[in-house]
C-alpha cells in the first residue's frame, strides 16, 4: 500500500514552518500515543506514521530530499539508512525529547523533590477547655532531618557527587523502539546524587525517626472534628524538600451536665412538683458558675428556658450562644403514709376541675374524640 504524504499525515501545508510542524506533531502524538490508546493497533500504526513524518520534515536535508523525490528518496537505504529507523534515538532529531517532556511532565529535567508527609494527631479535651481555649503539650513520632549529617545523608567529610547515571536529574529515560519511558534512577533512587560514604545514623536517607514535643494552642470555641494545622511540623521532606504539616484533630469529651449543639448548650433541670405548681426561684449551673432562674407557677415538664449568652462563643461568628434549660418535674418517691394520705386528699380535691390539669383534660378529650370517630 502506498505511503501517505508526510504533510498530509501531519495535517499541514507543504510550506509549513517548523513551529507549525511541531504543533501538529504534538497534537497527533498525544492523540495516538500508546499510553493513551490502551493497545489500539490502528492507533499504534498511526503513531508510527506521525513519528516518521515528523522525523523527515524536521530535518532540513531530509525534508529537501523528500520535497524533490518523495518517498523514493528513502527507499533502499537512499538517505542514510532510510526513514523510520530512529537509530540515533529521540535526541538526535532536535525535538522529540522536548515535546515528550512537555507531554508527560518534563520529569527528567529536574531532581525529584518530595515534600514531607502530613501527619495527624487526635487529641481529647474537656468541654470547659473547648469553650475557654487551652494549651496542650503533645508528643509525636515523626521523620526529622538527621542532626548528624544535617540532612545531607553523607558522613562528615564524605564526598557528595552528581549521580553518573541520571546526571543529577533523579530520573532516567529509555527509548524502546518508537516509545520512550521515564523511571526513577536505579542508581540514586531519585536523589540525583551519589554519596561516597552514607551517614551511619540515617543510612544515607537524611532523615531519622524521632519523637518530638510540641505545644499546641487550642482556641476557644472549638468543637469535635475541628482541625488545627501546624505548618511544617509534619515529617521532613526528602532531599531537603519542605516538611509536611501536622493536623491536630479535636475530640471534645462528653459532659456530665451539658450537651452541646454548635454554639448552644443544653441541660436538664429537675424541680419538685410543688415548685412546678407554685413557682419559685432556683439556681442552675453554667460554665461561668451558678445563676438564678425564675420558675413561673404552673410550669410543666419539658418547658424550655433560654439563658442568652451563656453558651459557647463561636470561633467564626464571634458571638456567644445560649444555655437552654429543660425543666424536668420530679415525682416524689419513698413516701411515708402521712405524705401519701395528703396526696390522696389533694387528688380528691381536683375531681371535676379539668382546667387545673390541662394536659390530662386535653389527653382525655383526644381519647374520647378518637373512639367517637371509630364508632361512626
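Just so it is clear, glycine is given a Cβ too, placed from its N, Cα and C backbone atoms.
Using a 10 Å Cβ-Cβ cutoff, residue 146 (Zn(2+) 1 binding site) registers 21 neighbours. Taken from Swiss-Prot, the feature Zn(2+) 1 binding site covers 146, 149, 199, 202.
For residue 185 (Zn(2+) 2 binding site), other Cβ atoms within 10 Å of its Cβ number 21. DSSP assigns residue 185 (Zn(2+) 2 binding site) to coil in the three-state reduction, placing it in neither a helix nor a strand. Feature annotation from Swiss-Prot assigns Zn(2+) 2 binding site to 163, 166, 185, 188; the stated evidence is sequence analysis.
What Swiss-Prot lists as domain 'J' is 5-70.
The residues of the repeat 'CXXCXGXG motif' (146-153), classed with DSSP into helix (H, G, I), strand (E, B) and coil, number 0 helix, 0 strand, 8 coil. The repeat 'CXXCXGXG motif' annotation in Swiss-Prot covers 146-153 (among others).
Swiss-Prot lists 163-170 (among others) with the feature repeat 'CXXCXGXG motif'.
The repeat 'CXXCXGXG motif' annotation in Swiss-Prot covers 185-192 (among others). Per-residue pLDDT, averaged along the repeat 'CXXCXGXG motif' (185-192), amounts to 80 for this model.
As annotated by Swiss-Prot, repeat 'CXXCXGXG motif' applies to 199-206 (among others). According to DSSP, the repeat 'CXXCXGXG motif' (199-206) comprises 0 helix, 0 strand, 8 coil.
According to Swiss-Prot, the feature zinc finger maps to 133-211.
The Cβ neighbour count for residue 188 (Zn(2+) 2 binding site), using a 10 Å radius over every protein chain in view, is 25. Taking the C-alpha positions, the distance from residue 163 (Zn(2+) 2 binding site) to residue 202 (Zn(2+) 1 binding site) comes to 19 Å.
On its own chain, residue 202 (Zn(2+) 1 binding site) has 146, 148, 149, 153, 208 as residues at least 6 apart in sequence with a Cβ closer than 8 Å to its own Cβ.
Note on the repeat 'CXXCXGXG motif' (185-192): residues 111-112, 114, 153, 162-166, 168-172, 238-239 of its chain, located 6 or more positions outside it, place their CB under 8 angstroms from a CB of the stretch. Those residues of the chain, other than 163, 166, 185, 188, with a C-beta within 8 angstroms of the mean position of the Zn(2+) 2 site C-beta atoms are 164, 165, 167, 168, 169, 170, 171, 172, 186, 187, 189, 190, 191, 192, 193, 194. Cα of residue 188 (Zn(2+) 2 binding site) to Cα of residue 199 (Zn(2+) 1 binding site): a span of 15 Å. Residue 185 (Zn(2+) 2 binding site) sits 21 Å from residue 199 (Zn(2+) 1 binding site), taking the C-alpha atoms as the reference points.
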